[in-house]
Amino acid sequence: MWRGGRLGSRGVRLLETLGFGCPSAVAQPPRLTSRSAYSGTQLTRNLQIKPWELGEHGTMCFRSYRMALSCLSRVKTYRTPWKRLYSTSQTTVDSREVKNFQALAHTWWDEYGKFAPLHSMNDLRVPFIRDNLLKTSASHHPGKPLSGMKILDVGCGGGLLTEPLGRLGASVVGIDPVAENIKIAQHHKSFDPVLDKRIQYKVCSLEEAVDESAECFDAVVASEVVEHVSHLEMFIQCCYQVLKPGGSLFITTVNKTQLSYALGIVFAEQIAGIVPKGTHTWEKFVSPEKLESILEPNGLSVETVAGLVYNPFSGYWHWSENTSLNYAAHAVRSRAQEHQEPAESALKGETGALHANTSGSPSVREEQRT
């Protein structure tokens, strides 16, 4: 590399002093070092050299070197607030979950593939949704019992549940943050002209749908979704906002128990391969009690909770009184006048009590007579 030639012995010594290598040294394998680590070790050591030890030309190099380092540190400080602003923005979408489902998007409609349990679950969850909606509906249409109803399918995936609801007559909007899932769903519904008119798919999150669909839906379906979201309470609040007063929320999910960890993750994912590895995170599982404690304060009254059990040998689901594994929940949004803010209710209570006390006093009664 560098020899005595043009640089001269003085220039070579200067380069060696600044840490750019020694021509006579044996070449060492490169070391991967981050920029911050390098700045804290090599550059700091070099900057400890006294300017008068370098001579006139060395002092100029030293000053230029220090100025460049100062500029780099300023750039870093300007970037920090933007990074912090981005990282603190809240969303119900977990980016790690998105990556998992991106890799599985092409297998949605394989009835014997990775999503076989979801195909089989339709035998229970579709009637569960239909029957509970009919309890609140005044009109019934033979053959199309959900005709006239508008349903939001959150986390619709490839449309496994969206299409059966559309066949029952409902107008269904399926949303999913994974673009690959929506492409698969769009392609599959195109084979049925009737479904093509009744079903609409969008690549978006639930909180994005709130902006344009407040109080628009008769029902919101979140089947096998809440165990994949971040900020569960924010997710429930968004469900409330897009529902019409008196609308229904349907949730199927996994309970947070030792049994659900043993069977839902260890057996189903790691041993039997019924579910792809990494599909579930036990810390995100939610118990019926925990779910109800979030639903009720947010204006959603729980009507039904029922256990679901999957038989991996037959490939079928059945209802159960045991909710320690999977369960389905149906909640109804309260009417506008029924769901008052706590502060408003307390204020009305205090006003009523004050009125009762004042009207009961002798002086007030005397004034009322006159």
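Keep in mind that glycine also has a Cβ here, set from the backbone N, Cα and C atoms.
Bear in mind that the values here come from a model prediction, so they are computed numbers and not experimental data.
Marked as transit peptide by Swiss-Prot on the basis of sequence analysis: 1-86.
Annotation comment: Swiss-Prot describes R125, G155, D176, S223 as S-adenosyl-L-methionine binding site, evidence class sequence analysis. DSSP assigns R125 (S-adenosyl-L-methionine binding site) to a helical segment in the three-state reduction. Every protein chain shown contributes to the tally, and the Cβ of R125 (S-adenosyl-L-methionine binding site) ends up with 22 other Cβ atoms within 10 Å.
According to Swiss-Prot, the feature N6-acetyllysine maps to K144 (among others), an assignment based on a large-scale study or a structure entry. DSSP assigns K144 (N6-acetyllysine) to coil in the three-state reduction, outside any helix or strand. Same-chain residues at least 6 positions away in sequence with a Cβ under 8 Å from that of K144 (N6-acetyllysine) are, in sequence order, L168, G169.
When Cβ atoms from all protein chains are considered, those within 10 Å of K150 (N6-acetyllysine) total 16, not counting its own. In three-state terms derived from DSSP, K150 (N6-acetyllysine) belongs to an extended strand segment. Feature annotation from Swiss-Prot assigns N6-acetyllysine to K150 (among others); the stated evidence is a large-scale study or a structure entry.
According to DSSP, K197 (N6-acetyllysine) sits within a helical segment. The number of other CB atoms found within 10 A of the CB of K197 (N6-acetyllysine), across every protein chain shown, is 11. The N6-acetyllysine annotation in Swiss-Prot covers K197 (among others) and rests on a large-scale study or a structure entry.
Secondary structure from DSSP puts H228 (Mg(2+) binding site) in a helix. The Mg(2+) binding site feature in Swiss-Prot is assigned to E224, E227, H228.
The annotation region 'Disordered' is assigned in Swiss-Prot to 336-370.
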Residue pair K197 (N6-acetyllysine), K150 (N6-acetyllysine) - Cα distance, angstrom, rounded: 13
Neighbouring C-beta atoms (10 Å sphere around the C-beta of E227 (Mg(2+) binding site)): 23
Cβ-centroid neighbours of Mg(2+) site E224, E227, H228, 8 Å, sequence order: G155, V225, V226, V229, T253, V254, H280, K284
Distance [Cα-Cα, Å, rounded] between S223 (S-adenosyl-L-methionine binding site) and K150 (N6-acetyllysine): 17
